[in-house]
Amino acid sequence: MQSRLGWAVLTIVAVLFFVFIYAPLLVIVVTSFNANPVNMLIWDGFTLDWYRGLLGLGERATDVSNRALYIESTDQLLAAVRNSLTVAAATTAISTVVGTATALALARHRFKGRGVYSGGLLLPMMMPDIVLGIGLLIFFVTIGMQLSLLTIIIGHCTFLISYVYLIVQARLAGLDPALEEASADLGASEWTTFRKVLLPQLAPGILGGALLAFVISMDDLVITYFIAGTGSTTLPVYIFGMIRRGVKPEINAIATMIILASILIAALGLWLRSRKTD
Amino acid sequence: MTALLEIRGARRRFATPEGGHIAALDGVDLDVGGNEFVTLLGPSGCGKTTLLRAISGFEQLDGGSVRLDGADLGALPPFRRPLNTVFQSYALFGHMTVARNVGYALEVRGVDRATYEREVGQALEKVGLSGMGARKPSQLSGGQRQRVALARAIVAKPRLLLLDEPLSALDRNLRQQMQLELKDLQHRLGIAFVFVTHDQEEALTMSDRVVLMRAGRIEQQGSPRDIYRRPRSRFVAEFIGETNLFSITVERIEGGLAVGRTAQGLALWLPAAGLRPGQSAVAALRPADFTLEDGDIAGQVSRSVYLGSDLHLFVRPNAGGPEIRVTARDRAGAPEVGTPVSLGYDPAAAHVLEEA
Ligand SMILES: Nc1ncnc2c1ncn2[C@@H]1O[C@H](COP(=O)(O)OP(=O)(O)OP(=O)(O)O)[C@@H](O)[C@H]1O
Ligand SMILES: [Mg+2]
């Protein structure tokens, strides 16, 4: 009796929890199909116009000036998506390699200043984004570096390396050190051991770190806002700019597509993980 | 004839967190013959693992040398040393199949496919795991994993196999079975085993030679029988099997026998070799050396413990002093507590320790 009540309460709490975290997303997805161009909270029929407009397929606007606006914003949007993907891909590659290598070095070798080093690695993660953003901006200006995609990539790497390091390091700490010794004992050099034993064992951690780095890099607004040059607007910065000019229905369509992409990435990650473990 | 493995003056110190040093190896000399089964035995922390790791190369020595077949191993990293190890945790590669685990040493050497297949098959067969090659280690029982670790370590045909407490994770029955199998395997392969354990029974069952270590040094080494029957010191006598120790003063020598007396006045007959009247010494008698009748140590049964085929009795001597442990065959049932007995023994079975 008591446990049945407990189950009921638990179910209600669980449902409320999911409503709480998913309701805003649901609102966005629904409104992205709302035909009402002025007030998105009043349902005015189903439409795909906002998606068509974004992708440059829109024939909705009849007057010339309006059409020009659409086409222009479509090009900008696609450029922003391209920038974001470029930054995220480069950042993921760099921070995954460097973060993994750092975790290995810190776990397997004793050297002077090791404690300071591993502590210092976590600092960028805990620093408020706005501080990091301003700091990076001042740094780039001081050394006379033009703001571009490169500065964004460097900026993202400064804190994403820490994320990858942390995840790989956790996986490494759970690994039996005797595995590497067994490999060496059986005649494998350090490099062979790395390739054949360490890397496959760490793969789920490395993959998880890479996915996280990719998602955070795609998503970052605050830091990027400071260090993005005029030609290097990323998707979040672009959306932020659009909102400042007024909330347009297209934003909901963009958001919905981002949600879809995120779900796909997360599903891919889960699938890869489940394939690895047995 | 020189030994396969020669260790001379091996020293290794570790810094303790308290700022001092501990000598994990404090001058160890050890020879292991080409097809000998040598067991390193000793209490926790005496340096067994350190010695084994110095042989495999995972631990550097501060001093001394390790030679295999006359060649100094000192400068060789572990992966170039022609010997293999069975790890206590087995250390199987979870992402590889059993067959690939077993073939790992051949894989990294780059042997051709046909040889690889043949050798892996043979190694699996030797440990009784034919047909399990396609499984993952996680799909095996503890005993089977143990065998995979063994097959993996012998596949490259090393002349020396090191084993660090490989059976400690198995339950008692399986452990006893594996003890016999390991001994048998060593015999068939004709290679040397250096086997670490802190289980004295295991050491006595399996070894050609037992090396008993204490605080970084070798306390005594010899055949299991030798080390059991003729312990050099109180430490050895107490570590290997159960024993009764008597501190005595020699009263007189009569023919080939000496008469010693304990502080409580209990008289014991001992072999006279090397003893002089007035000398103090420690005599050791194993529980199985005693008979319950017709002796001259009068006492009473104070406790009895049933152990299956054997009966373990504690006898309190009437003269006083510590209880004497006696093993008797369980024939007529356990004597009641308080039963008077007169313990006898063959004086030749008594052993006088070299060192008190
Ligand atoms: N890496 C190390 N750093 C510091 N001290 C160590 C290290 N390795 C071993 N020691 C110390 O050296 C001594 C011998 O250790 P060792 O592991 O050889 O003992 P053991 O005989 O194998 O014991 P056990 O039966 O518990 O496995 C111990 O006192 C141990 O604390
Ligand atoms: Mg040990």
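Yeah, the Cβs are placed from backbone N, Cα and C, and that goes for glycine too.
Now, the feature entries from TrEMBL:
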TRANSMEM  A:7-33  transmembrane segment
DOMAIN    A:81-269  domain 'ABC transmembrane type-1'
TRANSMEM  A:85-107  transmembrane segment
TRANSMEM  A:119-141  transmembrane segment
TRANSMEM  A:147-168  transmembrane segment
TRANSMEM  A:197-216  transmembrane segment
TRANSMEM  A:222-241  transmembrane segment
TRANSMEM  A:253-272  transmembrane segment
Query raised in the report: Are there 3 or more C-beta pairs under 8 Å linking the transmembrane segment (A:7-33) with the transmembrane segment (A:119-141), counting only pairs at least 6 apart in sequence?
Result: no
Query raised in the report: Taking a Cβ cut-off under 8 Å, which residues six or more beyond the ends of the transmembrane segment (A:85-107) line up next to it in the same chain?
Result: 114, 117-118, 121, 149, 152-153, 156-157, 160-165, 167-169, 172-173, 198, 202, 206, 209-210, 213-214, 217-218, 224, 234
**Report entry** Contact check, the transmembrane segment (A:147-168) vs the transmembrane segment (A:222-241), 3+ Cβ pairs under 8 Å, seq sep 6+
**Finding:** yes
